[in-house]
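Just below is one structure, and these are the notes that go with it.
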Amino acid sequence: MKHTVEVMISEQEVQERIRELGKQITERYQGSEDLVMVGLLRGSFVFMADLARAIELTHQVDFMTASSYGNTMESSRDVRILKDLDDDIKGKDVLIVEDIIDTGNTLNKIREILSLREPKSIAICTLLDKPSRREVEVPVDYVGFAIPDEFVVGVGIDYAQKYRDLPFIGKVVPQE
């Protein structure tokens, strides 16, 4: 598909919001010695790296990979866990870090899986949220930006494995 990418949220806006989220998360977990950031790969890795630096607490990082997209622009209901956590989260404060919440299906499944492992708490932080697309209600504690139902890329979010490196959030605009 031929397309262009238009800036939707600037690099400066993204970085300012990540710093704000870092402050909020730091306040919430002040005194916790067991905060584990769980990044959902691949899309969250850029956001997670920036957020990890913005959180002024000692914390661990771990990653999971789940897939519901493939190389299309549409989310499917089929959620597959491709990589699980390396470490045990029992008794720990878990912060799931997501790039974008669309239908909520993937995140809901991951939240269910992690809940069975008996963490002390589970919170969710996402860079982008598309509330109009939600099929499953998932409690989201920290939202960078609520956006309309547009296909977006940048700050780790891809289209067919491209554009993850963009420092801004861009809207993919199909060309005829």
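Every residue gets a Cβ built from N, Cα and C, even glycine.
According to Swiss-Prot, the protein has these features:
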ACT_SITE  D102  active site, proton acceptor
BINDING   R42, G43, R164  diphosphate binding site
BINDING   E98, D102, T103, G104, N105, T106, L107, K130, D158  GMP binding site
BINDING   E98, D99  Mg(2+) binding site
BINDING   E98, D102, T103, G104, N105, T106, L107, K130  IMP binding site
Span of the IMP site, taken as the largest CA to CA distance across E98, D102, T103, G104, N105, T106, L107, K130 (Å, rounded to a whole number): 14
Pairwise Cα distance for T106 (IMP binding site)/E98 (GMP binding site) [Å, integer]: 10
DSSP-derived class (H/G/I helix, E/B strand, else coil) of R42 (diphosphate binding site): coil
Residues near L107 (GMP binding site) in space but at least six apart in sequence (CB under 8 A): L40, I96, E98, I101, I124, V136, V138
Subset of binding-site residues (R42, G43, N105, K130, R164) lying within 10 A of D99 (Mg(2+) binding site), CA to CA, in sequence order: R42, G43
Candidates R42, G43, K130, R164 (binding-site residues) - the one closest to N105 (GMP binding site) by CA: K130
Secondary-structure category, per DSSP, in which L107 (GMP binding site) falls: helix
CB-centroid shell, 8 A cutoff, diphosphate site R42, G43, R164, site residues removed: L41, S44, F45, V46, D99, G156, I157, D158
Longest CA-CA distance among R42, G43, R164, per record bound to diphosphate, angstrom: 9
Recorded positions near D158 (GMP binding site), in sequence order, restricted to R42, D102, K130 and a 10 Å Cα cut-off: R42
Cβ neighbours of R164 (diphosphate binding site) where a neighbour is any other Cβ within 10 Å: 17
Whole-number Å value for how far G43 (diphosphate binding site) lies from G104 (IMP binding site) (Cα to Cα): 15
Residues satisfying Cβ distance under 8 Å from R42 (diphosphate binding site), sequence separation of at least 6: T65, G156, D158, R164
Of the recorded positions listed as D102, T103, K130, the one whose CA lies nearest the CA of G43 (diphosphate binding site): D102
